Amino acid sequence: MDDHKRPLYLPFAGPAILEAPLINKGSAFTDEERVFFNLEGLLPHVIETIEEQASRAYDQYTNFTNDLDKHIYLRNIQDTNETLYYRLVQNHITEMMPIIYTPTVGMACERFSKNYRRNRGLFISYPNKDRIDDLLNNSTRQKVKIIVVTDGERILGLGDQGIGGMGIPIGKLSLYTSCGGISPAYTLPITLDVGTDNPNLLEDPMYMGWRHQRIGGEEYTEFVEAFMQAVHRRWPDALIQFEDFAQKNAMPLLERYKDQYCCFNDDVQGTAAVTVGSLLAACKAAKTKLSEQRVTFLGAGSAGCGIAEAIVAQMIAEGLSEEQARAQVFMVDRWGLLQDNMPTLLPFQQKLAQKCDDIEGWDNFSENISLLDVVNNAKPTVLIGVSGAPGVFSEEIIKAMHSHCPRPIVFPLSNPTSRVEATPKDLLHWTKGQALVATGSPFEPVVVEDETFEIAQCNNSYIFPGIGLGVLAAGAKRVSNEMLMASSRALAECSPLALDGEGPLLPPLEEIHKVSKHIALAVGKVAIEQGHALPCTDELLEQSIEDNFWTAEYRRYKRTSF
């Protein structure tokens with residue numbers, strides 16, 4: 001029997017049920033339930049279906065004209081009736097995705113303390129560093145299987161938001177459920193409150209976090225270590241997703257823990273996986289292979305380098321040597337092209353720096369080679385922006401790229417919309433509709449010469465829900481690079497443009513459940529092959545995916561004796 005058909009036995013009654021978001025049904029409680037649980041008189045007379053409730057909620061939602069107000073309204077529903085919240089979001093996923101997550105969630109993070117209404121998740125503050133086990137035991141969620149954790153230092157393109165960064169784990173886990181079918185009862189957002197270096201927050205009397213400069217060095221490392229150990233003691237099988245940590249911490253934390261715990265960094269690995277999946281789809285549409293591309297990045301931080309390493313891995317999988325693959329990837333930051341003689345290269349940048357001997361014959365060769373010079377000399381076929389610098393993909397740069405590449409692949413991925421390197425409208429007009437475009441934020445379709453182009457949003461929500469579902473269904477103990485590569489290939493297999501020669505580069509969000517299940521199967525298979533999960537047949541894995549896929553439907557309640 002499916003879980004939603006099996007009755008749930010509850011040991012409490014009365015107003016307490018209406019205050020519990022995971023079990024509250026509001027006006028959908030039946031006559032029998034209203035009698036058994038002492039709810040008569042606490043609710044209006046009419047008994048509604050969840051669709052009737054969702055219709056009313058959507059009508060209320062459409063009365064708001066401001067995106068932040070819409071976000072706050074949806075969060076209020078989430079905090080009172082989670083099943084209704086997810087039914088509403090799933091009914092309007094394309095419309096509401098930008099409201100519950102990027103770009104609107106950025107505004108919500110900036111105003112988190114001012115708009116605070118009700119607790120959700122855990123705030124683990126540095127002054128409580130010796131009591132982390134106690135704090136985890138205080139969680140209202142007991143069967144946690146997926147955790148998203150941030151320290152709020154690098155929230156989207158907005159920088160240090162302190163505990164305001166909690167909006168990101170809340171939003172990410174909303175997508176795990178609405179896109180990946182993970183039961184909200186299994187999810188827990190966590191913020192590590194280690195202070196903030198944002199002077200506006202420190203001086204704001206409404207700021208609700210620990211009013212202290214950020215800790216760093218050994219203090220920070222020991223605090224995160226204590227947190228990871230405590231989580232493993234409390235929920236040893238939970239998947240931990242690191243989210244929006246600063247560059248100086250993101251890669252070291254990932255390297256330290258990826259082989260100890262079931263964890264991954266979405267900014268580094270999730271972004272890389274969805275980008276590679278989108279590139280594979282674009283290459284299929286252009287009837288070429290990723291290993292035949294020359295790829296230029298603007299932005300050489302942890303996210304950009306994570307994507308680049310994933311591209312290198314895929315090129316190697318397609319038959320190139322590592323040296324050949326790395327020679328086809330060009331990383332540009334604010335100082336110009338990364339070169340192997342630069343003394344300021346970070347450890348994760350070093351393998352991606354171009355050899356000076358290989359490029360000394362370029363026109364305008366110097367210590368600081370600009371993006372335009374890279375385009376003119378390297379002649380890239382792929383241009384990816386993760387810089388957060390708006391408008392830097394200029395008409396001159398794009399036309400220079402198009403002059404040697406009939407179908408340029410251009411991915412301006414920076415979030416939020418105000419930080420995008422170029423708009424799809426400009427990119428398609430400058431290339432007369434020939435560019436293959438995917439963006440990090442949502443954009444409206446573009447019309448060029450009477451042809452309408454749907455703009456694919458290269459959003460991690462295409463990837464991480466499926467990864468989470470696959471890990472959960474297979475019982476995986478680790479998230480390996482091979483599992484991430486499998487998720488990329490599975491996403492590319494769902495591309496309408498690659499499959500049919502028309503339509504968007506990525507499937508519509510209305511098909512996200514199908515996509516997530518397809519990715520979950522691919523991820524689970526690799527986990528089993530690598531020994532990160534117990535052996536099982538493909539049929540059993542598929543059944544486990546279906547069994548673990550939660551849907552927003554009310555369950556019947558029965559009262560236990562008390």
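Using the three backbone atoms N, Cα and C, a Cβ is placed for every residue, glycine included.
Some features that Swiss-Prot has for this protein:
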ACT_SITE  Tyr101  active site, proton donor
ACT_SITE  Lys172  active site, proton acceptor
BINDING   Arg154, Asp267, Asn415  NAD(+) binding site
BINDING   Glu243, Asp244, Asp267  divalent metal cation binding site
SITE      Asp267  site 'Important for activity'
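Feature map: annotations from Swiss-Prot on the structure.
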residue	record	Cβ contacts under 8 Å, 6 or more apart
Tyr101	active site, proton donor	Gly171, Lys172, Ser174, Leu175, Ser461
Arg154	NAD(+) binding site	Asp160, Asp244, Phe245, Ala246, Gln247, Ala250, Asp267
Glu243	divalent metal cation binding site	Val148, Val149, Thr150, Ile168, Pro169, Lys172, Asn265, Asp266, Asp267
Asn415	NAD(+) binding site	Thr102, Pro103, Gly106, Leu156, Gly157, Gly440, Ser441
Protein Cβ atoms within 10 Å of Asp267 (NAD(+) binding site), excluding its own: 25
Fewest-neighbour residue among recorded positions, criterion Cβ within 10 Å, set Lys172, Asp244: Asp244
